[in-house]
Structures are given as structure tokens and as C-alpha cells.
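Copied over from TrEMBL, here are the features:
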| type | residues | note |
| --- | --- | --- |
| DOMAIN | 1-254 | domain 'G-protein coupled receptors family 1 profile' |
| TRANSMEM | 17-40 | transmembrane segment |
| TRANSMEM | 60-79 | transmembrane segment |
| TRANSMEM | 100-122 | transmembrane segment |
| TRANSMEM | 142-167 | transmembrane segment |
| TRANSMEM | 193-213 | transmembrane segment |
| TRANSMEM | 233-256 | transmembrane segment |
Amino acid sequence: CTVIFTRLATRDLHKPISILFCNLAVSDLFTSFSGFWISMLFITNPDITIFGSRDMLAPYALYTTSILSTIYNLVSIGIERYLAVAESMRTRFRVARNHSIAVVFVNWVLAFFLGCLPLMGWNCLHAERSISVLYSPFCVNYLIFIAIPNIVVAFLVPLFTYLRIIIILRKRKLRMQACGQAMGTYKSAETQVARTSISIWLLALVSYAPFFAGVIFDATNQRCHIDLYPGVYIFRNCTAMLITITCLGNPVLYTLRLRSLGAKLQALRCLSANRVRACTI
């Protein structure tokens, strides 16, 4: 919410990358909200989160939609950064604000369509054979259909984009070094991109790899719910906590330079204080 408020209240939202950052914060907010909804259902009626119920379809669908939107936003940010740095054969492709708005719209449409498939009928309320053990009443084949391609995209596309950015910056640094020019800017940019990309990879690995392992376990498991209680469901809850931690880590990695954010919040507070003082006078 702090990221959304700060970017809406300043002129940063005019930049294409800021639109993607703000949308990423919205996706994380939806993930946190849907996770809270599932937690409240667990507190009020724990059995439906274990054995499944029609009441779990809507919160699980919102949870899936928000996670997919987060993944697509992370991929979009990596591609935008690559296009902003990379040069084509003769001219540089510039990402405009309209491009970012279109990407945000496509991301949400795709995330809602894939995430709401169980609400459209792809669920196992009446099919016990292929029902998921961890996420009842979702079907195992639906989880495989959602998890495998999206997690592959979440890992491979940022790998390509950030590695290409590092390679491009290094080539420019070597070119300027050969010409005897200062290269401090490119060296600093290369170091910053490398650190950011490593952090992104570690956060994605820690957050989504357990969920992927849970889907694989679901697909290979043949035992019923009660035989796996409580250890497997503790693992499921830990996986949800890791995904929530991702929602906290994304603003730090992508949008928060703590000093600059503090300066912006301080400027906003001073601006509001000046307005109140002027109104009082």
C-alpha cells in the first residue's frame, strides 16, 4: 500500500516502468488479501481447507489469480528493463506509457482467465480420483497445467533478460575502456543489475520452488487426506507464508530504495503540512 500510495501521489507513475511497479504492488496486495481470506476460513472451519469445499473455490481462485499476476508482472519488468537497455540494429526501442498500460491489461486478463478456470467448471467437487490433496477441491491436472509452464516462464525469462542486460553493459564498458573514456557509470550499473538479478532469483527460488514441489507431490501421491495430516498441511502453510514473504520482498527489490522512499514520504508529509498551514492562515 505504501508503494501504491507513493507512486500515485508523485509523478513517478508517468514513467512506463513505474506503472509496472505499481501494478506489481497491486498484485502483491491481492495475494495478501486472498491469503488472509483463506486464513480466516481455516480459523472458522479448518476442515474445509483440508478436505475441500465449494466455499474454497473463490478464495483459491483469487489466490491463484494474484500469484499469476505477480509472476507476469515480474516477467514484464524484466523484459521492459531489457528493452530499455538493449539496442536493436539501428535504433533503440523505447517503451512508452501506453505499452505498459497494455501489458498490465493483458497480464490481468490472462491471470483472471487462468485463475478462474475452477470457477468455470474445472474443479473436482464431484470427481474424487483426480482431486488435489493440498488444494481441494482443485484438480491435480489443473494445478499441473497452471504451475509447470508459469514457473518455467518465471525462471527462464528473467534469466535471459537480466543476463542480456549484464552482457550489454559489460560490452559498453569495455568499448568505453578501449576508447579511454570514464566507465564508472556502466560499472556501477552492471554491479547493481547483477545484485538485483541474483536477489530476484533467490527470492523466486525460495518462494515458488516449494509450491512447485507440492504440486509434484500432489500428482504422485495416492493417499487420502487424513493419512497425510498434519505434516503435509504444515508444509502447505509454510509454502503460503513464503509466497507472502515474496509480496514483502518485491517492493524492496523493485521499488524501494529506502532512502529515496523515505525522502518522498517526507516530502509528501511536508507538502500536506504546508497545505494545512496555508489553509489555517
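Cβ atoms here come from the backbone N, Cα and C positions, even for glycine.
On a predicted model such as this, the values are computed, not experimentally measured, just so you know.
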Same-chain residues near the transmembrane segment (233-256), Cβ under 8 Å, at least 6 residues beyond its ends: 2-3, 7, 21, 24-25, 28-29, 31-32, 35, 38, 50, 67, 70, 74, 77, 134-135, 196, 199-200, 203-204, 206-208, 210-211, 214
Stretch-averaged pLDDT - the domain 'G-protein coupled receptors family 1 profile' (1-254): 79
For the transmembrane segment (17-40), distant same-chain residues with Cβ under 8 A (at least six beyond the ends): 1, 3-4, 7-8, 49, 56, 59-60, 62-63, 65-67, 69-70, 73-74, 76-77, 80-81, 84, 95, 97, 100-101, 103-104, 107, 240, 243-244, 246-248, 250-251, 254-255
